[in-house]
């Protein structure tokens, strides 16, 4: 039986590949994420949106009879965003300074974050429906006409918060492609893909030429 470690005509010996998503790699990437400037910017944006949503939602909770769910939308959105922020601040401290059970902690954090983000996405869609459905009928001056009244500050806060969240989402999607990232960022490799294309092409060409040369060498020996 042939030894798999013996090289044939310069071919590299077969070596088992490391798993792409082992515990060490997950911990390393998560630590890099929490150290990145992108993560800190996201926390600040979450905090600002949460505070604005809670302040306007609580202050004007009974001042939008045309659509009473608009202040409720802001209150729930601000609460969930604040909860996500607290979870990741605690996770930031744990991942960077606690050495035990990091892999399991990352899994728990990921599950909670995914659940909250899914809820927040559905709630955001509902907020869009409640806010924009009243756009053509809302008025801000006469409180006695309850069928069409909403406090101007409350409605405009909801409207512009929704628009700003769309803009922030577009910004973060584009930033993965256009904005250079730090060496600690786990998505740093995305920026370097274009630079690696010529190298990948050369490697593919060499690999495609190798089997024919190996067959010719074996046939010459026999």
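Just so it is clear, glycine is given a Cβ too, placed from its N, Cα and C backbone atoms.
The shown structure was predicted, so the numbers you read here are calculated from the model rather than taken from an experiment.
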According to TrEMBL, which stretch among 23-42, 43-62, 183-202 corresponds to the feature transmembrane segment?
43-62
By Cβ distance under 8 Å, which residues at least 6 away from the ends of the transmembrane segment (43-62) in the same chain are close to it?
68, 71-75, 77-79, 81-82, 84-85, 88-89, 151, 153-154, 157-158, 161, 164-165, 168
